[in-house]
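Colleague: Here it is, the structure in full.
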Amino acid sequence: MNRSSGLDFSDGRGPNRTIDNHPDLDSNMGGAHLQRNKTERRRLQGLQRTLTTTSVTRVPPSNQSWSYKFGIWMINEGGRQLFFGVWIFLHLLVAVFGFIHYQTKDNLNNARATFGITFAIARTAALVLHVDVIFILLPVCRNFISFLRRTPLNDIIPFDKNITFHKATAWSIVVGTAVHIIAHMVNFYKLAMVAGNTTKERFVAFLAANFTTGPGATGWIMTAALAVMVWFAREKTRRAHFERFWYSHHLFIVFFINWQLHGMFCMIQPDRPPFCSFNTIGVFWRYWLVGGVIWIFERILREVRSRHVTFVSKVIQHPSNVMEVQIKKEKTTTRAGQYIFICCPEVSYFQWHPFTLTSAPEEDYISVHIRVAGDFTTAFAKALGCDFPQKGDKGGKGEAPAGGKVIGTNVNPPLNRTLPRVMVDGPFGSASEDFLKFETVLLVGAGIGVTPFASILKSIWYRMNNLNNSKPTRLSKVYFTWVIRDYGTAEWFHSLLHAIEEQDTQGRIEINIYLTAKIKEDEMNNIIVQDVGAEKDAITSLRAPTHFGRPNWDRVFPSIVEKHPETDVGVFFCGPPALSKLLHQKSNQYSTPKGTRFFFGKENF
């Protein structure tokens, strides 16, 4: 029997269309690469059995009506873009009418005569900035956002984009501040020109206006505070040095206090009294009031919650620098897909870091799996008694066994130490929390981004089997896809997948694992030999075979469309931005207004 490749374990009788069309086969490689043997093909999950003859890339009809395009747009883009459009329109409206007001107000003639158009520009920029103050704190009031997510407003306002909205408002403040400063620099220059006769006198007058007047001094303090906050809030800097971001961001208190003082000096007076009444100066607090009061309430709530009885019940050190922390906390109710903030006073009383819950609501504890990589996580792991290998360590020092090792419990703490106190704030809602709204969901995790789905998969399993007094669910099918470079990166997740596959007798949860790392030839031969006739995968020990390479989403999405016609499918993702963008595009591409609709959501905290 002739084979096209030494790795081809097909039966050789005629063209092997299942192999030819399989997503693991790269037709451009000139030969088969890790082709499926017959036993493996029997173990393929439902989506992977679908031939490409029925799962092809959907080409949108060329004569789409405006209503069809609008229906597609409204699935994933409409609500979000309409909300931001209204926000931008509000800014434009305030800017236009504000400028007209300051250009035509009858008791500001002297100011306009002295400074010209830059007076109206500076005042208009200040007015727009005051509008931004209304919004800047609301997106980071997480209890408030979590509450609103459970109301009908969640269908109108994109609460999952709260951090994006916070950043957009912050950049609006940056732009408004720059316009305000430039306009007032021109105004100060005009004041300096009439304040002195020589260049030196004018220069001194310009500096005096900037640094010895109340508005000038408070303005530059605000600018310095804003610059530091923006610098350390940049994505790259924030991820590399979270502590610097955390502490520097609290300069907003300095920023707000000086903003209130900035407008109270009445430097540019109106033409007639009352010159500086309560209603015309220092009005910052009015705009700040709503968001500020809610934010203060949330900080008080955090302090109250942190004093609830909370203790670490178990610490497990997993391979690949992953630590599992199980916590018991009174008066805490969670939902699958939520996240919490953790503070360890032994490390830092002021630092609160977000971590996704990996425990299900049906369990009597809350747990998080933490990748020990940064300064805080390293110090936290050390405080809990973990001993992870350091760079340069040889002989596997500190490496945990495959199943993980228990470092300590509240009853049996680590040797010569007591488990430290922890404070927990939350839980808070996220995009993944909406998975129960759908009959079918596609969960996609990349690398350590699989953590949100541990809680979700556990909860789904409990609900489908009616265990631990769990509520019934409308979910009928779950497609779980894990894209990972090295299967050993998240070994703690293996046992959960094994338990789900063993007890999911009705096949409601479909597992697909994709390894993207390049495999050495001897490892590849090893895998092939072990897979022949085996009932379980040689790498994962799951019945579902491992796929090599990246998922072919142009096969996955059409297969779901074929199997679930006229169904709303939730697509939930946690991982790198590039894959997030691709899944967002595919969700739009394969959605139809009156057919299968893919609703995309990603973790954003």
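Cβ atoms are placed via backbone N, Cα and C, with glycine included.
Just so it is clear, the model here is predicted, and its values are computed rather than measured.
Residues annotated as domain 'FAD-binding FR-type' in TrEMBL: 304-434. Taken from TrEMBL, the feature region 'Disordered' applies to 1-36. According to TrEMBL, the transmembrane segment annotation covers 82-102, 114-140, 168-186, 206-233, 245-265, 277-297, 441-462.
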Colleague: Can you name the far-off residues of the same chain, 6+ from the ends of the transmembrane segment (206-233), with a Cβ under 8 Å from a Cβ of it?
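Modeller: Residues 170, 173-174, 177, 181, 184, 188-189, 191-192, 241, 244-245, 248-249, 251-252, 254-255, 258-259, 261-265, 267.
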Colleague: Count the CB pairs under 8 A between the transmembrane segment (114-140) and each of 82-102, 168-186, 277-297, then give me the winner.
Modeller: 168-186
Colleague: Report, as numbers and ranges, every residue of the chain located at least six residues beyond the transmembrane segment (82-102) whose Cβ falls under 8 Å of a Cβ in that stretch; write 'none' if there are none.
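Modeller: Answer is 108, 119-121, 123-124, 127-128, 131, 135, 156-158, 165, 168, 172.
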Colleague: Short question: which residues 6 or more past the ends of the transmembrane segment (277-297) have a Cβ under 8 Å from it?
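Modeller: Here the qualifying positions are 130-131, 133-138, 140-141, 144, 256, 259-266, 270.
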